């Protein structure tokens, strides 16, 4: 777990989620407007992610040939107010703490509007904008999803009493099913992650994002 990245995700996305929930109910109450907004956000992420896969395909293939078990261990983690760094896979990664915090705040707003807490869509941003390794950001994204999703559920539950004319309150039964499936998938994904090439993971993520984006945009246009 890259803890400096994890704390930046949590601290940055939490206030964004609260703001995003209010924006959703105040300015995007209809599902049509919501799908238009979410569709284009996801479309942008998907295109960026695909471009990153194409750009780094050759470099990723070369690195896969020399990968060992120790390459999946995060070492030499350093943290300051301005920047943080860690070593993973024999390579040093440095990211701006204010930059990550600002991005997480914006993603938190998007996540609050989108209703997913924020952490679930932060991985594509880290991979495409900060060029961090997919394997290393997974833990931070999952922890961010856990914390901010709880905050999002509480926020929407409270707002359901304010916006009584709109279906806002969480569906607890459906949420339990999502949680049970996600919990099982989380452990399976963590086990399989080390055995799947990074570009394959990116392409799977890209396909899922673009599929949802195209579906939302199509529903808005028709």
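The backbone N, Cα and C atoms fix where each Cβ goes, glycine too.
Not measured: the values here are computed from a predicted model.
Below 8 angstroms of C-beta separation, residues 34, 84, 97, 100-115, 117-119, 122, 139-141, 143-144, 147-148, 151-152, 155-156, 159 of the same chain, each at least six residues beyond the ends of the transmembrane segment (6-24), sit close to that stretch. Sequence annotations record features per position, and here TrEMBL assigns transmembrane segment to 6-24 (among others).
Look at TrEMBL and you will find 36-54 (among others) tagged as transmembrane segment. Residues 28, 110, 113-114, 121, 124-125, 127-129, 131, 199, 202-203, 205-206, 209-210, 212-217, 220 of the same chain, all 6+ positions outside the transmembrane segment (36-54), place their C-beta atoms under 8 angstroms from a C-beta of that stretch.
Summarising the annotation, TrEMBL assigns transmembrane segment to 100-122 (among others).
The annotation transmembrane segment is assigned in TrEMBL to 134-159 (among others).
Residues or ranges marked as transmembrane segment by TrEMBL: 200-218 (among others).
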